[in-house]
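First up is the structure itself, then whatever we jot down about it.
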Amino acid sequence: MQHIPYGRQDITQADVDAVLTVLQSDFLTQGPKVPAFEHAVASYCGTKHALAVNSATSALHIACLALDLGPGDWLWTSPITFVATANCALYCGAKVDFVDIDFRTYNLCPQALERKLEQAEREGKLPKVVVPIHLCGQPCDMKAIHSLAVRYGFKIIEDASHAIGGRYKGKPIGNCEYSDITVFSFHPVKIITTAEGGMALTNSAELASKMSLFRSHGITRDPAQMTHKTDGPWYYQQIELGYNYRMTELQGALGVSQMERLDAYVTRRHQLARRYDELLAKLPVTTPWQHPDSYSGLHLYPIRLQLDKITKGHRQVFESLREQGIGVNLHYIPVHSQPFYQRMGFKSADFPQAQAYYREAISLPMFATLTDVQQDAVIRILAEVLE
Ligand SMILES: *Cc1c(COP(=O)(O)O)cnc(C)c1O
């Protein structure tokens with residue numbers, strides 16, 4: 001039986017050659033490839049600074065640290081995300097709260113955010129950082145969120161793990177026009193990959209410098225950052241408590257090579273999405289709505305089952321698809337309903353739109369090398385299962 005995963009990487013001979021060349025070179029880490037990858041992404045997005053790290057989770061962590069998130073502070077995010085988006089606040093000793101999603105885009109809802117901010121202001125519990133997630137690659141309503149940031153004084157980290165190659169109001173996601181920092185992931189299921197890997201982008205020299213320290217042990221070789229004159233050519237200083245979150249040269253080379261095909265990947269994902277939209281139109285499912293301001297990276301293609309129109313349940317449909325070789329998935333289990341978060345007092349019913357989405361959503365296969373024939377098989381099997 002065929003197996004069609006929900007997502008997978010595309011590795012070409014050019015990628016293999018790029019990685020092998022590094023493997024046989026002088027530098028496996030801290031050579032020229034990681035800066036070249038940073039440069040490629042920064043210039044693609046039109047952003048001043050880019051810091052490559054070993055995962056998006058690490059990028060979120062150093063982003064929070066650079067924004068001075070710490071004990072007593074709050075970070076707010078969407079419950080429909082991967083757990084790392086919320087966990088990064090806890091790494092810093094800060095507290096997490098959630099804002100419900102918009103029922104059409106499944107992104108953090110600006111109206112719900114505004115209502116929650118009004119209440120938080122009365123209670124003296126305003127967030128220091130808000131992290132909108134561009135779910136599936138579709139950008140959030142950043143203009144609205146940014147104007148709330150100006151009014152209420154919080155910082156914004158865009159979790160754009162799904163969204164490299166996408167655009168918001170015609171401009172590249174990652175350009176940080178409406179945020180302080182944007183984070184990308186290069187995990188193999190995402191749009192481009194470096195195996196593990198992530199990046200933090202910013203237009204602020206100060207934030208870039210801080211993130212650079214946190215990425216590498218809090219160590220600097222820059223005389224301007226040192227407390228006194230250098231002791232000699234060997235000298236460096238540790239001036240913060242940082243981590244080893246560096247990306248390797250092998251990953252950097254793979255990233256540079258993958259960037260060459262980014263636009264082609266996203267174009268192909270749009271073709272596939274259009275075919276899904278058309279071919280699923282008559283089935284009892286809701287296809288993902290696209291805001292006119294957005295050109296999504298289309299990392300994911302989640303459908304929502306119209307459960308009142310079918311006899312099977314959500315889990316039954318999901319299991320039948322898996323049994324027939326369609327590697328569907330569910331993005332995501334609402335973070336606040338995870339046992340770890342329930343122990344902090346969150347209740348599943350706290351965010352009703354997120355909960356409703358979770359009860360109906362199924363991510364169909366979506367990746368650049370998915371063929372039309374494979375896609376037709378997905379649609380045929382889905383139609384049979386829903387019958
Ligand atoms: C994948 C993902 C992450 C974590 O990325 P890693 O590179 O695996 O650490 C964070 N947030 C979102 C929304 C993701 O999809």
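Heads up, the Cβ atoms here are built off N, Cα and C, so glycines get one too.
According to TrEMBL, the feature active site, proton acceptor maps to Lys190. For Lys190 (active site, proton acceptor), the same-chain residues 6+ apart in sequence whose C-beta sits under 8 angstroms from its C-beta are Gly7, Ser161, His162, Ile164, Phe184, His299. DSSP assigns Lys190 (active site, proton acceptor) to coil, not to a helix or a strand.
Annotation comment: TrEMBL describes Lys190 as N6-(pyridoxal phosphate)lysine.
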